[in-house]
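The domain 'CFEM' feature in TrEMBL is assigned to 45-83. Per TrEMBL, the feature domain 'Rhodopsin' maps to 122-350. Residues or ranges marked as transmembrane segment in TrEMBL: 95-117, 169-194, 206-227, 252-271, 291-314, 334-356.
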Amino acid sequence: QQLSQDEISHKCIGSASCFDNFHLCGFRSAFRIGDGAGVLPKVYNVECLCTNVPLNTNLTVCVLESCTTYEGLMTKNVSSKMCGAPVRNQTLKPLLVGVIGGGLALLAFIFRMCAGLPVGGRPLGWDDYTICIAVALGTPPTVFSVLLSKNGLGKDMWTLPLPNIENVLFYYYLGEIFYFASLTATKISILAFFLRVFPQQQFRKIIYGVIGICVAYGLSFVLATTFQCNPVPYSWKQLDSTYQGSCNNIHLQGWMSAIFNIIIDLIILILPLKEPYALQTSLKKKLMVMVMFSLGIFVTFVSVVRLHSLIVFANSQNITWDYNDAAWWSTVEIHVGIICACLPSVRALFVSLGASSLGTTRAASRATGYGAYNGSGLGSSSHSGSKNGTLIKEKPIAVPKHGDEEDFIPLVDLGNSKD
């Protein structure tokens, strides 16, 4: 004998209030599973519903077949509350990663650009201009990390209203586009830096070839991501049953982009490692140069970790929870890339400032009688003073000779030369 919905609610759930709050779709699914299976009277026994794994598996399939996606989410939300499932919340993670990482990347960028000021001792080059573009393109994903957190990225999607889910998908979609664009600009900036310091023509031709590969990579995946769904708004309106559309295999696209990204990172990492051997300097300094150019290994590491997060991403039925790791690892990759691209110039800036400060201090000491120049100071300097020895003018010194010689690495700067 088939039981009515009222009888099921009173007998199996135990209260009319639960019945009133439980979405009708859930009851339709329960009747279909129960017919002929001998479990209908137990379907809304809370213990059975919460602990019977095969029943829940069948119920999930049935809900997805007979309900809209959002109706299925409502059913899942009610059943989770009824079973006392913990409320998961990791919305703070993308927020902190975006704000802290963005702040560090911005700080590294500011120091780098200061290296191009007169006190930094070198003119700006194409590597500086492209890192400016990378920072500009990396700013929106940093802002999106705050908006994604605010809209519920890091929560189970069945606990969120439909507009919030669509907002998460929308900002995630835009973030992907800026992610590819910013990474491409960062890679080109690093390669342009190689052109600045390495004069070998054969090596420079290889660098130009890799820059071409980076441009092709960036354009391909920016366009593929932009038009991954038809029409384009379907990328974030997939849960709206009134909005029709289709998408490419987004997960395959994500895997391909990540693999190509790692391959290019490895090429950029390996390219300059043999060049320091041609420098006429000590082994220690050669190793220092190699370490400086190996900073990209951190970017490669982040790329590999992000690729691992795409495994969960590919099989997700809970996008606002499962997209969380992929989203914040993408943001980390942008920020780490910018920081690594800026560190060599930041180091040069501080070495230059330290040498100038040390040179000025020693010159002042000589002029006022508190020290003597014994040939162990910094380079050549000129100063003038009054008859009583008061220091009037001091010319800053930027190249260390003895006291700071371990910090000075003689690389060629081709910023003003012709290719």
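Count begins at 1; order follows the chain as displayed.
Using the three backbone atoms N, Cα and C, a Cβ is placed for every residue, glycine included.
Note that TrEMBL annotation is computational and uncurated.
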Residue numbers, six or more beyond the limits of the transmembrane segment (252-271), whose CB comes under 8 Å of its CB atoms: 180, 183, 187, 190-191, 194, 203, 206-207, 210, 213-214, 217, 221, 224-225, 228, 294, 296-297, 299-300, 303-304, 306-307, 310, 313-314, 326
Within-chain partners of the transmembrane segment (169-194) [C-beta distance under 8 Å, separation at least 6 from its ends]: 125-128, 130-131, 133-135, 137-138, 140-141, 144, 147-148, 151, 153, 203, 207, 210-211, 214-215, 217-218, 221-222, 225-226, 235-238, 257, 261, 264-265, 268, 271-272, 296, 319, 323, 327, 330-331, 333-334, 337-338, 340-341, 344-345
Other parts of the chain folded back onto the transmembrane segment (95-117), taken as Cβ under 8 Å at six or more residues beyond its ends: 123-124, 128, 131-132, 135, 138-139, 141-146, 149, 328, 331-332, 334-336, 338-339, 342-343, 345-346, 348-349, 352
Mean of pLDDT values spanning the domain 'Rhodopsin' (122-350): 86
